[in-house]
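**Q** Encoded as structure tokens, here's the structure I'll be asking about.
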Amino acid sequence: MLPHDIVILNLVGDILSLVGGFLILTTLLLLSVWRRESIRDDLRSLIILSLITADTANSLVNLITGITVLHGNKLDNGMFCTVTGFIGQATVQSSDFCVVLMALVSYATFNPNGSRILAWVQSKPWVLILPIAIIPLVTATIALIPGYEKASFSWCWISTTPVYARYTLSHGLRIGIMITLPFLYGAIYLRIRLAYQDARERSLARQAIEAEWDADITPTKSSQDTDIYVDEWSDSDTIITLHRQGSASKMHRRNTASDRGSSIEINKVTQLRHAMRLMIVFPVIYFVLWIPGIVDRLYVAITGNTTLLLEALQCATQFIGLFNAILYGLNPNVRSGLKQFWAEFWHESDNVFRE
């Protein structure tokens, strides 16, 4: 694979991540205006907004540098390299912190004592500024001391000298996150599994009780026959008819409430099962996308140069923005909001055309 091909592969990841991030940001803004709700009022939405914003900014910068290289301009060390490298360092680290914060929020959600912590953070959203904005900007500023230089064919990053600069300001944190995430998601998985088992047991118990109740109230054929053989000239026939209608009404009301309760239980079990799968998928995908870049940087630190193979594998890192946009941006809350929005939009459109 030639350097030109690697630049194109990087650009594909940057474009997909940029488009995905832009669509999610537009969707979040649209739903916020439509619902008349501030994103600041929801902790998850605030972190997701910060995550997608950081990924989108990083993809945009990488896209600009990539297009510059494709147009035949050499990516030299200088002001352009420093500015793009600074933005890249700050946005990537902000994205990493957002991923950890989302995992912590998920863990607190399934923790009995987590509701108080979430309520406190919800009331003071400014505390998120420290990991999402201040620390990334501080590390990016400190990196100006060793400087920024060309780190790949199409983007700039922290200088290779001194060697420890990259690992102190960036890779050390990412490696720490890579080690922490499996344990954190593992703990969340166990919490969700317990909730899933509890919900499933309640669902099965509800179904058993309903089956037993239905069997007890079902009238037998003999009792119906006995009731029918009553003097047709008496008022009994009317009484029987009213009794049957009342029973049917009670059974209908009871079955309707029962079906609604069963539906809620089934939905909860399904959601928990889906959440369990995500707790496995998240760390696996992050490892697949992050490890090539870590390996490439370690190889550069040891040998002083890189290889085309490692550069090609590192292109996977450019797809992290797309992954975050899909898994975090298109969350159940956003999907349900879009369904409601489109349903109301088409309903109003039909009314306009009918008028």
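Including glycine, each Cβ sits where the backbone N, Cα and C put it.
Heads up, TrEMBL stuff is auto-annotated, nobody curated it.
Below are the features I grabbed from TrEMBL:
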| type | residues | note |
| --- | --- | --- |
| TRANSMEM | 6-34 | transmembrane segment |
| DOMAIN | 25-328 | domain 'G-protein coupled receptors family 1 profile' |
| TRANSMEM | 46-70 | transmembrane segment |
| TRANSMEM | 90-110 | transmembrane segment |
| TRANSMEM | 126-145 | transmembrane segment |
| TRANSMEM | 172-192 | transmembrane segment |
| TRANSMEM | 278-295 | transmembrane segment |
| TRANSMEM | 307-330 | transmembrane segment |
**Q** Taking the transmembrane segment (307-330) as the first stretch and the transmembrane segment (6-34) as the second, find out whether 3 or more Cβ pairs fall under 8 Å, excluding pairs closer than 6 in sequence.
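**A** Contact between the transmembrane segment (307-330) and the transmembrane segment (6-34): present.
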**Q** Compare 6-34, 46-70, 126-145, 278-295 by their Cβ pairs under 8 Å to the transmembrane segment (172-192) and return the stretch that comes out on top.
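**A** It is 278-295 that shares the most Cβ pairs under 8 Å with the transmembrane segment (172-192).
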**Q** Against which stretches of its own chain does the transmembrane segment (126-145) lie, if we need a Cβ under 8 Å and a gap of at least six residues from its ends?
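**A** Residues 46-47, 50, 54, 82, 85-87, 89-91, 93-94, 97-98, 100-101, 158, 165, 169-170 contact the transmembrane segment (126-145) from elsewhere in the chain.
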**Q** Calculate the per-residue pLDDT averaged over the domain 'G-protein coupled receptors family 1 profile' (25-328) and state the result as an integer.
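**A** In the predicted model, the domain 'G-protein coupled receptors family 1 profile' (25-328) has a mean pLDDT of 78.
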**Q** Against which stretches of its own chain does the transmembrane segment (6-34) lie, if we need a Cβ under 8 Å and a gap of at least six residues from its ends?
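**A** Sequence-remote neighbours of the transmembrane segment (6-34) are 45, 48-49, 52-53, 55-56, 58-60, 62-63, 66-67, 69-70, 152-155, 308, 311-312, 315-322, 324-326, 329-330, 334, 337-338, 341.
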